[in-house]
C-alpha cells in the first residue's frame, strides 16, 4: 500500500550511511596546492597566526589638567578654569571685554612694606600702593567697570602655591580669594561675558568646570609633582586647537598589504530593518482547535542612504530559546484550544543576519577584530482573532519585549537565489509592558512576546548602529574569495518552506477522495513518489538519498530504532531465561504497552492519561504487522503523493523536509482498535477509550487487563472510521453486521463503496482526515 514509502525509508537507512562514507572519502582526497612567495601566499587558506590588530575606541577623554601652555592672549572658552602659575612679581594677567569689565591681577612677594609700584596695565602705566607682611605671596585683583574710573583692589588672594584662577560661567567671571589652604571662589557680573579676552604673562593650564573640585585642590595645595619638573615644557596654545573633520561613516582603511593578500579595515554605519515571521496552523475538524502558533525565519530586503550612497540591504530574522505555552478550554470538540503557541521572553534571543552590497561584505571570509554597537528597540505585539464557527471569538493581544545588542558573529543567509556571507547580530530580550492575554479565556496578564501577531501591522522594526571589522582580502580587487571557504554558524533557515507549507496545506481542498482511496492502495515506492518532480533516474536516486538522510532523524525513525533495540534485548533475554512463560511476554517488551496499561489498572482516570502514549506505540506495531485494511499511513502517504504532484514549489532541496515533516505531523488525531470475537477495544491519541459490541455498537466496560493481553498478540487496526462515526452512521442510516465488520477493519473496498455513493457521514470523516494532513 501507499505506506510502503515510509517502510522503505526506514529499512533503507543503511544506504545513507554508505553515501555519507563515500562523500567523506572523497573530501579527504589529497590535492596539489601551488605556493607563491609571501607570508599570505597560500591562495585557499588564511594565515595561521592572527594578532589582535588595532583596537579602536571612539570615546574622547578630556584631560583634567591640560597644559602647561605658553603666555598668550586669547578669548577663553566658557565653562573652563584658566589656572595661572605665577613665577615672578608683577602683572599676572589682564582681562577685559572693553565695555563693562576691566581687571588685572598683580603679584606681591612676601615681606614687602607699604610701597608705591608702577605697573603697565592695558598699555597704560598705573601706580598702586602695595604691601605684604606675610610669608606667602599676595595677588591683588584690581578692577574697574568703566574706562573713566580708577582701579581699586576688589579681592586679594594670599597663597603659598602661587596659583591664580579665572572662570567664565553663568554670565559672571569667577576668581579665587582668601588665604590658602582655605581659599574660595567669588564672582563679578558682566553684561558681555562671551567677549572677555585675557592676556596671560605666565604659564597656565586649562581645567573643565566639571573638575572644579580638582581646580580648588590645586589652588589650595599646589600642582601635582610631575608638573613642577623641568621635563614639562609649556606649549603654544595653538597646539590645543582641533582640526575639525567630518567623520566618514563609510570608510575603508588598508591595514597591511603583502603579496597576494591585504588586510582591509571597514567601518560602516548601518540601519537594520527586520520583521518576524510566524506560522499559525489550525487543526482540521469543527474549527475550534489550533495546533500551533510559532515563529518562523523571515527575510526582508530594503534600501537606505548611507553618507549619500544608496545601499541595498538584506536581513533574516530568527528566534532562539522560545517558550511553549498551551491552552485547553475543555475536552469537547467545540471547546477552544491551542496545542502550542510560542512566546519569547528573557531567556530567548533574536538573531538578525545583515548583509548589504558594500565592499565590506564582498570578501567577508577571513575576518578578525569584529566589533559592533546597536541601539535598542521595543517590539509590541498586535491582536489575532481566533475565528471559531459559533460564539464570540477569542482574541490574543498585547505582549512586548525590548531588544538589546548582545554580540555579533559571522553567518550565512540563504535567499531563494543566492547565499550571502553576513553578520549575525545577537539581541537579548527584556520583557516590557503591556502584558499579553487571550480574551474570553483564563489567559491574562502574562509577560512575553507571543508569535500570534509579532509585527503588529508594522512593515518592519528598525535599529541603527555601527560595525567595524578587519578582513583578509585578495590584493586584486577584481578577485572575489570563494564563498565555499566561509565558516558559517548556521545553514538555511526554512529556505522556501514557509511559502511551500502554505501552498501544500491549501491543496487539501482539491483532493478527490475516490482517487485518494485508489492511490492509498497502490504499493508506492520512493521512485514513484518522487517521479512527479524529476523524470531522470539519477536525480531521483539522489533525491531518495537526501530524503533518507533527513528521514533517518525523524521521530518515526527514532521510535522504530528504539523499538528494534528493545526487541533484540527481549529476544536475547528469552534465549537465556529458561523460565519464560511464553513468547508473548518477551514480545510485549518492545512496546511496553502491556506494562503501561497494567500499571494503571487501578485507576480509570490513569488509563485516559496513558492512552495517548499507547496509541503512538500502536502505530509502530501496525506498521510492522501490516493488515489487509487501510491504515492512517496509507492515507497520509497518498495525500503526500497527491500534493507533491500538484505542488509548483517542491524541489529536490525542500522534498526531504516535506516528507519527514509529513511523517510526523500528518493526521495527528488517530484511533486504533483491537478485535476479539464480537468485541472491539478502541483508543485514540486524545486519551479517549471505548469498548463496544460489533452487532449493536453498544458500549461495554473497558477491560484494562483484557486489553493488556490482546495488545501483544492481536493485529492493530487503524480506526479510519472511528467509533463515534460508526455509531452515528448506525443510528441515522442503519448498517448490516457485514458492513460494520468491514468498516471496523478499515476494508478499502467498503470505504470506496460508501464514498462512491456520496455517503455524507463517511465522506465527512475522510475529509476531516485529509484536512489533518497539514504541515
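For all residues, glycine too, the Cβ spot is worked out from N, Cα and C.
It should be emphasised that the depicted structure is a prediction, and the values quoted were computed from it without experimental measurement.
Range with Swiss-Prot annotation coiled coil, chosen from 483-517, 518-552, 553-587, 588-622, is 483-517. Sequence-distant contacts of the region 'Hydrophobic' (388-408) (same chain, at least 6 residues past either end, Cβ-Cβ under 8 Å): 286-288, 334, 336, 341, 343-345, 349-350, 370-382, 423-441, 443, 446-450, 452-453, 461, 463, 465, 467. The 10 Å shell around the Cβ of residue 379 (disulfide bond) contains 22 further Cβ atoms across the protein chains shown. Across the region 'Hydrophobic' (388-408), DSSP assigns 0 helix, 14 strand, 7 coil.
When pLDDT is averaged over the region 'Hydrophobic' (388-408), the result is 91. Listed in sequence order, the residues of the same chain lying 6 or more apart from residue 317 (disulfide bond) and placing their CB within less than 8 Å of its CB are 274, 275, 276, 277, 297, 298, 300, 350, 351, 352, 353.
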